[in-house]
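Quick look at what TrEMBL annotates:
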{"type": "REGION", "residues": "1-36", "note": "region 'Disordered'"}
{"type": "DOMAIN", "residues": "62-153", "note": "domain 'Methyltransferase type 11'"}
Amino acid sequence: MADTGLSSEGAGSPGEGRYGERVFRPDQGGEGDRIDLGALTYDDTTMARLRALGVGPGWTCLDVGAGTGTIARRLLAEAGVTEVLAVDRDVRFLAARPVTGLTVLQADVTADDFAPGRFRLVHARFVLMHLPSPQRMVAALSRLLAPGGVLVVSDAVDLTTDSAPATPYTRAMRAMWRGLRHTIGTDVSQVPRHPELLRAAGLESVAAEIHVPPLLPGSPISRFWADTWERAREAMVATGLVDDGQLDEAVRYLASPACTGLSPGMLTAWGWKPAS
Ligand SMILES: C[S@@+](CC[C@H](N)C(=O)[O-])C[C@H]1O[C@@H](n2cnc3c(N)ncnc32)[C@H](O)[C@@H]1O
């Protein structure tokens, strides 16, 4: 079977490092812009889901691993929620743009003593896949819900590289997942199990959906992957699945009208804490 870089068993043991250390360092120029390219791609889908779940005036919200804070701000400005606590290990991007109703907290959400209160919405997007135990995190985040509150978790799912023919693009994606696993422990192979984890945490009316954005040349998502590969280049090449020349070819392919690759998607799963 082709080595997809995706299976957590075939990928060897996860690296000791953590998100933002060897890869995706927040102090490396342009990292905030890279996160914003992902946000530009997915924010409308996330906001539509949150609004459909009823998030609105009167809600208190926790955004875990809030990044540059685009969802936290849109919750306040568009959904009209009462307050948002935005938490991240590094809050430089959040602190740079304060708005009324937004509280910023620098904290490691995996810490045993992370207990910032109870919230009607707890949201975490593209965070759990980078953490050592999504199962433990889902359970911990569920405990932060007020009765009747909703937990919404989104992470990447790669539906394509497993079965797709080897192209510069699929080789680069495989090398990226493998390289991120080896350096910072990222694991997307278990993301389809998120709904099960929510159910196991005692949440009800669990459901999920997937959004796969088109890889149009010059689009935010195509630029996001190209920039992500640049930042992860060393880790990707170290897997032996691609070399520098092949990676350059993949970047050119992503920017070309000939690109027919399918982007990894965003799986969003949600579940409700019983009201009593
Ligand atoms: C891929 S970014 C996603 C940002 C944002 N949620 C979004 O979707 O635009 C992951 C974020 O999680 C944060 N993060 C990673 N591990 C964390 C931890 N253990 N505690 C708090 N934040 C963490 C990173 O600093 C980064 O801002």
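Don't overthink the numbers, they just go from 1 along the chain as shown.
Including glycine, each Cβ sits where the backbone N, Cα and C put it.
All annotation found in TrEMBL is predicted automatically rather than curated by experts.
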Q) Across the domain 'Methyltransferase type 11' (62-153), what does the pLDDT come to on average, as a whole number? A) 97
Q: Count the residues of the domain 'Methyltransferase type 11' (62-153) that DSSP assigns to helix (H, G, I), to strand (E, B) and to coil, and report the three numbers in that order.
A: 24 helix, 30 strand, 38 coil
